[in-house]
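Undergrad: Take a look at this one; I'll ask things after.
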Amino acid sequence: MNGTEGPDFYIPFSNKTGVVRSPFEYPQYYLAEPWKYSALAAYMFMLIILGFPINFLTLYVTVQHKKLRSPLNYILLNLAVADLFMVLGGFTTTLYTSMNGYFVFGVTGCYFEGFFATLGGEVALWCLVVLAIERYIVVCKPMSNFRFGENHAIMGVVFTWIMALTCAAPPLVGWSRYIPEGMQCSCGVDYYTLKPEVNNESFVIYMFVVHFAIPLAVIFFCYGRLVCTVKEAAAQQQESATTQKAEKEVTRMVIIMVVSFLICWVPYASVAFYIFSNQGSDFGPVFMTIPAFFAKSSAIYNPVIYIVMNKQFRNCMITTLCCGKNPLGDDETATGSKTETSSVSTSQVSPA
């Protein structure tokens, strides 16, 4: 084995020289130079500085402007709440541990940080799935008389939390476990060992299938069909400038959504799957640290893509920040997204 396994940790470093110490008790500077830990701390500080204001502002602006309280925006607000869970429950902890060079909060703190980081990330992921399904139903009309209402939005929000809990909670009750990963400053699900005592192998397989492969397949299917539907509508109405604009907007939105999802999560999932599939293989601590920390940046990408791109929300946000006046003079009502309309138009397929 090229790593060192303890009762509550796995360090990707052989203890042949006797230098390995518990990541809950000693700085892990034998894994990486101190400046690398400082760099991680600086990165987490940046995510907090950017992630908290934009997600909090999303909630505040929606409370201030009743016109934003549409059913679909419930899902978007839920996305902001999930990102705040990641920022407050995970990022702040990781910032402090990175500054110290080891996980100073002990095993209990590791489970706390791992749970909230996983919960927030999974709620955000399943929000994207709900948004994809909503866009597919509204635009592609597999159910011609369907209208996305408040009850559907509430059901969608509840669904995201249920699915997230089915991923984040099992390690708390003995199915798998949370351990420090990479440079031992943040905690996540144990991809490093089989750990039969907690049936770790079955949980990791379950997590990859149910909480990664299936959501990815749903997102690709829904937005793939959406693009095809808009293209078909554009082909039938060559002279319709509105439809042509709708095609461009929805295509741009889909590309940004899919690419951002892949950029954030595929590197982390791929590295985790490689480590799990090659038990005992030789890999450095930075190998897992970089994709794990990069995946955390989704707390910034999500509100930018799903909130800031919405013209109505952007105008309301500017109005709020400018104490009730919009210096751009845009008409919020005219530019708002109305996802309930039945025609394939810009207002229907624009980012909600």
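Heads up, the Cβ atoms here are built off N, Cα and C, so glycines get one too.
Just so it is clear, the model here is predicted, and its values are computed rather than measured.
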Undergrad: Please verify against Swiss-Prot: do Gly18 and Phe103 share a side of the membrane?
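TA: Yes, Swiss-Prot places Gly18 and Phe103 on the same side of the membrane.
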Undergrad: Can you dig through Swiss-Prot and tell me which residue of Asn15, Asn200 is labelled N-linked glycosylation site?
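TA: Checking Swiss-Prot against Asn15, Asn200, the N-linked glycosylation site entry points to Asn15.
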Undergrad: Tell me which of Cys110, Cys127, Cys140 Swiss-Prot records as disulfide-bonded to Cys187.
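TA: It is Cys110, per the disulfide annotation in Swiss-Prot.
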Undergrad: Go through Asn2, Cys322, Cys323, the listed recorded positions, and name the one with the sparsest Cβ surroundings, counting other Cβ atoms within 10 Å.
TA: Cys323
Undergrad: Please work out which recorded stretch in 37-61, 74-96, 203-224, 253-274, 287-308 has the most C-beta pairs separated by under 8 angstroms from the transmembrane segment (153-173)?
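TA: Ranked by Cβ pairs under 8 Å, first place goes to 74-96.
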Undergrad: I'm trying to understand the geometry here, so how far is the Cα atom of Asn15 (N-linked glycosylation site) from the Cα atom of Cys322 (S-palmitoyl cysteine), in Å to the nearest whole number?
TA: 58
Undergrad: Using a cut-off of under 8 Å between C-beta atoms, tell me which stretch among 203-224, 253-274, 287-308 contacts the transmembrane segment (37-61) the most.
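TA: Of the candidates 203-224, 253-274, 287-308, 287-308 scores highest.
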Undergrad: Return only the integer: C-alpha distance in Å from Cys322 (S-palmitoyl cysteine) to Asn2 (N-linked glycosylation site).
TA: 57
Undergrad: So what's near the transmembrane segment (287-308) in sequence-distant terms, Cβ-Cβ under 8 Å and 6+ beyond its ends?
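TA: Sequence-remote neighbours of the transmembrane segment (287-308) are 12, 40, 43-44, 47, 50-51, 54-55, 58, 76, 79-80, 83, 86-87, 90-91, 94, 117, 120-121, 124, 128, 131, 181-183, 185-186, 188, 253, 256-257, 260, 264-265, 267-268, 270-272, 275, 314, 317, 351-352.
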